[in-house]
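**Student:** The annotation NADP(+) binding site is assigned in TrEMBL to GLY165, ARG166, SER167. As annotated by TrEMBL, domain 'Tetrahydrofolate dehydrogenase/cyclohydrolase catalytic' applies to 6-120. Sequence annotations record features per position, and here TrEMBL assigns domain 'Tetrahydrofolate dehydrogenase/cyclohydrolase NAD(P)-binding' to 139-280.
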Amino acid sequence: MQATIIDGKEISNHIRAGLEQKVSKLTAEGIQPGLAVILVGNNQASRTYVTSKQKSCKAIGMHSELIELPEDVEEHVLLNEIEKLNNRDNIHGILVQLPLPAHISETKVIETISPNKDVDGFHPVNIGKMMTGQDTFLPCTPFGVLEMLKYMDIPIAGKHAVIVGRSNIVGKPAGQLLLNENATVTYCHSKTADLASVTKTADILVAAVGRAKMLNADYVKEGAVVIDVGMNRDENGRLCGDVDYNDVVDKAGYITPVPGGVGPMTITMLLYNTVKSAQKVLANRK
Ligand code: NDP
């Protein structure tokens with residue numbers, strides 16, 4: 001039987017409609033949620049992501065600002081820009097588009113963003129809060145994965161979730177968020193022996209590897225929920241995931257397509273975090 005397709009665009013639109021109302025209420029209270037994005041250099045992919053983030057902000061009535069710095073910008077200049085944004089009242093979220101040029105320390109940059117405006121959820125303070133189950137900004141892509149599962153009413157507690165990939169921005173937090181929801185979590189990575197024997201035991205399989213169509217039906221248990229975070233190009237230059245969709249779609253119970261799956265959720269959760277930050281400012285003012 002064909003898997004139920006988890007439609008990231010539909011879920012995104014649903015969440016964004018709710019956010020638009022919150023933005024309008026906040027704006028009426030004199031706090032228009034604002035996101036500042038810093039783009040260093042001229043990486044085309046980064047520019048495309050940034051443009052899309054700005055467009056999405058504006059579409060729901062948020063303020064958005066782009067700060068562009070040259071590829072050879074000195075680290076202290078970038079850190080100084082972040083400090084200025086930390087101190088601005090009309091900016092509730094700060095995002096520095098990664099990757100950065102090699103001469104700039106990503107760690108220093110992330111740690112300079114105020115944890116109160118770290119809407120990417122990458123600051124160690126916010127990661128620590130996520131790990132200890134405290135309220136915080138959750139990293140956008142894993143947060144989007146969780147929201148998709150919840151929207152589809154897919155049970156998580158007691159299920160075996162297998163995460164393929166252990167990056168700090170996707171794999172590790174995805175596993176942590178599912179653990180927080182009482183899943184039993186296994187992480188796989190490039191040194192995992194006999195990957196298929198592990199992934200085939202997953203009730204929920206999250207692929208965050210970065211290898212086009214690597215996981216075919218041999219890696220998937222009948223009826224499993226398959227979440228494909230991967231964004232790759234196939235042999236024809238077309239966007240595709242880490243999962244071999246056509247091979248898996250008849251075996252899985254649920255599946256996310258690429259494009260139109262996790263992708264749209266990432267920006268939506270960025271908007272969500274920025275609105276949440278503005279709401280905190282309002283709550284503190286009252
Ligand atoms: P990274 O390259 O940082 O991490 C990849 C992970 O996959 C690593 O943990 C690596 O293991 C593991 N891995 C690599 N090869 C294998 C293998 N053969 N078997 C098992 N594990 C393997 O990537 P990201 O986490 O940043 O991104 C993953 C994918 O998600 C990419 O396609 C990226 O484009 C996409 N992405 C999509 C987003 C969205 O909005 N949809 C947002 C962010 C990313 P090890 O640690 O041992 O090296």
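Keep in mind that glycine also has a Cβ here, set from the backbone N, Cα and C atoms.
Keep in mind that this is a model prediction, so the values were computed, not measured.
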**Student:** Looking only at the domain 'Tetrahydrofolate dehydrogenase/cyclohydrolase catalytic' (6-120), what are its DSSP counts of helix, strand and coil residues?
**Tutor:** 56 helix, 18 strand, 41 coil
**Student:** Quick one: average pLDDT across the domain 'Tetrahydrofolate dehydrogenase/cyclohydrolase NAD(P)-binding' (139-280), no decimals.
**Tutor:** 98
**Student:** Can you count the other CB atoms that lie within 10 A of the CB of SER167 (NADP(+) binding site)?
**Tutor:** 15
**Student:** From the centroid of the CB atoms of GLY165, ARG166, SER167, the recorded NADP(+) site, which same-chain residues not already listed sit within 8 A by their CB, in sequence order?
**Tutor:** ILE163, VAL164, ASN168, VAL170, GLY171, LYS172, TYR187, HIS189, ALA208, VAL209
**Student:** Would you pick out, from the binding-site residues GLY165, ARG166, the residue whose Cβ has the largest number of other Cβ atoms within 10 Å?
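**Tutor:** Result for the most crowded candidate: GLY165.
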**Student:** DSSP says what for the domain 'Tetrahydrofolate dehydrogenase/cyclohydrolase NAD(P)-binding' (139-280): how many helix, strand, coil residues?
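**Tutor:** Per DSSP, the residues of the domain 'Tetrahydrofolate dehydrogenase/cyclohydrolase NAD(P)-binding' (139-280) fall into 53 helix, 26 strand, 63 coil.
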